[in-house]
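Enquirer: A single structure is presented below for examination.
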């Protein structure tokens, strides 16, 4: 084997290891953001040791299911990145089927949890409950679309698959960043907090530029969908007279 061949193989292995480390660190960052955001209202709520100046509703059965399923999915996502980092793609694929099933289950849970929020009149101080329903409801079709794109790309386009799934998890940090007490509880404060989640795409874009020379289309897709979610949410809350008639037509809302 020539020196050039050995050097090329070593360089490829190094690049692969760096990539695995990058995705593992991004997964760790996402887990940290979610934990910090939901510490007072979910993860540490039974201990009553951390409080943000944000609503902390009692954890009824539905909220426990919602939080538990999401946390399990987040744990599966983290485990998958750890398995890839350890070179166990076989286990990563097996666990991925379970993770996808959890992600699909999250869709009706997100909807039903919103119905519960409306029934309990759970809302921040700057919006009524129907106006606020735009925040959990409008991302659902975007979420389902990105999930489908990630699933279909898993066999033929791994470069897109891993970026799409990372992008999906970045999008799902928005509820966590929205609870951080770094901006006032106003409409524009909410919009600003959403931008914190969008900023998590920056390391991915920088990684693409450093390794590919350009931002990968899947990274652009994820960031673009995140921008669309933030724009739609903010527009619906800024113009409640347009959103409310529509949301009242959805199953379970009018009742």
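Just so it is clear, glycine is given a Cβ too, placed from its N, Cα and C backbone atoms.
Straight out of TrEMBL:
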{"type": "TRANSMEM", "residues": "22-43", "note": "transmembrane segment"}
{"type": "TRANSMEM", "residues": "63-87", "note": "transmembrane segment"}
{"type": "TRANSMEM", "residues": "94-112", "note": "transmembrane segment"}
{"type": "TRANSMEM", "residues": "132-152", "note": "transmembrane segment"}
{"type": "TRANSMEM", "residues": "164-182", "note": "transmembrane segment"}
{"type": "TRANSMEM", "residues": "188-207", "note": "transmembrane segment"}
{"type": "TRANSMEM", "residues": "219-240", "note": "transmembrane segment"}
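Looking at the shown structure, can you explain where the listed features end up?
Expert: Under 8 Å from some Cβ of the transmembrane segment (22-43) lie the Cβ atoms of residues 50-52, 54-57, 59, 63, 67, 71, 74, 77-78, 81-82, 84-85, 162, 166, 169-170, 172-173, 175-180, 197, 200, 203-204, 207, all in the same chain and six or more residues away from its ends.
Using a Cβ-Cβ cut-off under 8 Å and counting only residues 6 or more beyond its ends in the same chain, the transmembrane segment (63-87) has close neighbours at 20-21, 23-24, 26-28, 30-31, 34, 38, 42-43, 57, 95-96, 98-99, 102-103, 105-106, 109-110, 113, 116, 165, 169, 172.
Among residues of the same chain six or more beyond the transmembrane segment (164-182), those with a C-beta under 8 A of the stretch's C-beta atoms are 23, 26-27, 30, 33-38, 40-41, 52-54, 70, 74, 77, 103, 135-136, 139, 142-143, 146-147, 149-150, 153, 190, 193-194, 196-197, 200-201, 204, 218-219, 221-223, 225-226, 229-230.
Residues 22, 26, 29-30, 33, 124, 126, 135, 163, 166-167, 170-171, 173-174, 176-178, 180, 182, 215, 219, 222-223, 226-227, 229-230, 233-234, 237 of the same chain lie 6 or more positions beyond the ends of the transmembrane segment (188-207) yet place their CB under 8 Å from a CB of it.
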Enquirer: Would you kindly list the residues that approach the transmembrane segment (132-152) from elsewhere in its chain, counting only those six or more residues past its ends and only Cβ-Cβ distances under 8 Å?
Expert: 100, 103-104, 106-107, 110-111, 113-114, 117-118, 123-124, 160-161, 164-165, 167-168, 171-172, 174-175, 178, 190, 221-222, 225, 228-229, 232-233, 236-237, 243, 247, 250, 253
